[in-house]
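**Q** The feature ATP binding site is assigned by Swiss-Prot to B:134-189. If you look up Swiss-Prot, you'll see B:108-295 marked as domain 'ATP-grasp'.
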């Protein structure tokens, strides 16, 4: 397909390894510049790889002679050497972009010109300017190294003026700048693909959880309202638009404590730990996206969306610990977790904190991802999250409502059952309805009698389908409940079943869940077959014994 | 994880290549025996691969000295040479199993002993015995080569006695046997994993479509009733249980024209073309399954089920044609198809009929897979399949029912709309309801008035959720329709909405579909927000202008 492209990759770590894996499926030839037996080289049979540092100018020249296109899996490279070879070979992203991004201060200055939302920052060439920044931004603030900073290295949170000399010393003899401390409520990241002709495409917004300043867990999508997720994608795309050069970019951002304001933290001009989940969860992985972008192969929105119904993913890094068996233990355990895929990176020795591999867990709900993650942590008997909520206005409805629970048990659908009264616990009802979807419920069954407001009020406060069961009261034969439940105004439907027939509500909930679950659909088919058999047996008996003897 | 295992693979074609790809993620070292630069070797940086034929006894001995475990990606190997090294190295599956399976006549004799359902067959050492078989089985029958037969090579369908000498000559100087001709309605296949301790696990039943005797398309699952799919899985597992040795087995079967009888055709003791879809569609691919099985790593049912809601897959082989650009053309086009993943095998030259790669398309419905396949074939404007069916008893209901269609248009949900009368077109109603699920519908909206039987009757004949809209007639204010629709007996629910309120039926259908589609759920949330805004605007206006001026 891209027979003519030979891609030289600067760096052969795990990011290069996964990039090479994607290249194989596209028949794109890669030549890797890094130490012998680095993870990427292990999985490529080419004989032209170069054993040298990816910062070595001579090696970069040698690589450029063998390739049609150079790219990188790490931003801490020799951009001068890279710029020098652009006359003979394409480089993506461009050396200018790499140079700007690898100096965090330059990066922020650049983004500020384009009005990208950032924490406040200023240059800090000496102790005096750091002190001045402290006065201006207040304490704490963050003293940062402009270059060679990653995984939290190169940052120092300064709480008071007396700490400044210590902080400067700790960061070594490197150029520094100061950033205002951002009290964030969540760290998020978006992978953005930029094509050769400058079009940008965003992957979903993810939530990243750091441990000891290293990426530990990634939730895709982030546990944020959809509108905030979309704003983060827009900010990330706007930021990437300002840079030259094709490829994938990881854009890290903060969500502030108001839950709404989003500031850009920093950009990585390469595949990113927060995008590993895309291998399993998206039609096209971040690694294939990068190759497609730099080689000018087709790319569109369809490639970046979460796959239909692989709607949630959770990625866990496997970091080396003091226990030499830890990596193989967690790796082996992952093989027994539903929806989990193991990626080991082929690194020879496991050092503490070293990224040895990762596990991606996919599912159709965040709760199920979390449950499977608990299994990976070896938590015994993690709870299965309910997908159906059965609620009723009063415990006196239970005798009528329990048949719904019996059916859900029969179909092995996890549910919760409780009392929520529209008229006696209105606040509880509001909370229940408003949180139902985010708690992982997919269907609500609500039973009520008389002036039966519960089903309709709940339907007004959730986008989930609500099934209403009219419970027969002591007067009016349940017609009052039926009309209260079924006659909802335009815009807010309640799926109403027959009076007192909560069994049908349970069956309807199963039919709804079965729309995307073929095994449940098959179970519903055999349930219906079974009903048929029971009636046919009765017919058979009636015909055999005659109507006179049948009742006896 | 399996640091101590070094797996030697006999054969380095595309099956070996995809096996090696899986091995990388598990940190399992592989050494490949095949010609230099074979597809598997291209993607492995190891330096110990052996450049020789996988049938060369000396090379097998050399390989055995470097490994702890030997396996194969092809059954046409030198089993004597393999048996000879079992004293020093494990071989999975066992040489005895490989020997039995590579001779199709021996394979069938073996399976017959274990009472596995097979087409009738008999030995055919000479022309006389072939003629006798023709008399016994009738014409046509199939003359088959016992060994070295694959992709239809080694089979000859004999239609009349005079063809026998030609058939024998065509099959060359090889041992032959005769099989009764099986008039099948579908060819299917099941991948079965067998662990070291003899446990077996089945992947879904797939449908295989051959073109010129070579696998062309694979549908997962097969387009068969679920119960037949399950019987095929059972037969496949029963067959694999009879063999010794761990690993993955491809079991090919026929479904006869009665749509029910399943006969085993043949077994491959290795990954199989019909199992490529498992890379994208299942938690664990057939290649990783094979490695886990032979290395004794954990494996269970969870690994073989289709991933939640990646409920359907379609695999298309990319075969070389006379057009030298064909492969790169189809490969490039696949990059723009939603849910499609491209796998190229790194084969240097494209010969006619050579397997150059494959594309797997995944989706949550067979119709959507098919639509995407049409896109791959460059069919212009493939039709989007409806997921909601709107039906009504009479065209006089249309003015009441059209609001459901308006809402579905608003939410961009594809639907179909037609007239189905329970009382005037009962047969049409039966057909509509019975085929709804298999045609890809997920929800049915049915409107009817008076003795409104349509929603309930349709619900009785489909496992899908049915939404009933009571249409108000000229008498009784629609209460007749409401009670006819809502008061369904236990076992068959209809989700009833308010009288004449088909808009709510449309919204309820969207809520049902949104249970597994987060983007639709988000759209429902903003629809509800919008309703709120409209009411608040009205409230604002009412407060401003006062009630006396409001109506004017």
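Cβ coordinates are placed from backbone N, Cα and C, and glycine is handled just like the others.
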**Q** If you average per-residue pLDDT over the domain 'ATP-grasp' (B:108-295), what number do you get?
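**A** Averaged over the domain 'ATP-grasp' (B:108-295), per-residue pLDDT gives 93.
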**Q** Quick one: among the binding-site residues B:134, B:183, which has the most Cβ atoms sitting within 10 Å of its own Cβ?
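**A** Of the binding-site residues B:134, B:183, the highest Cβ count within 10 Å belongs to B:134.
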**Q** Ranking the binding-site residues B:148, B:176 by other Cβ atoms within 10 Å, which is at the bottom?
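**A** Relative to the other binding-site residues in B:148, B:176, B:148 has the fewest Cβ atoms within 10 Å.
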**Q** Among the binding-site residues listed here, B:141, B:155, B:169, whose Cβ has the fewest other Cβ atoms inside 10 Å?
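**A** So among B:141, B:155, B:169, the binding-site residues given, the one with the fewest Cβ atoms within 10 Å is B:169.
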**Q** Tell me, by DSSP, whether residue B:183 (ATP binding site) is helix, strand or coil?
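**A** It is coil.
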**Q** Give me the long-range Cβ neighbours of residue B:162 (ATP binding site): same chain, 6+ apart, Cβ under 8 Å, in sequence order.
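**A** Within the chain, residue B:162 (ATP binding site) has no Cβ neighbours under 8 Å at 6 or more residues' separation.
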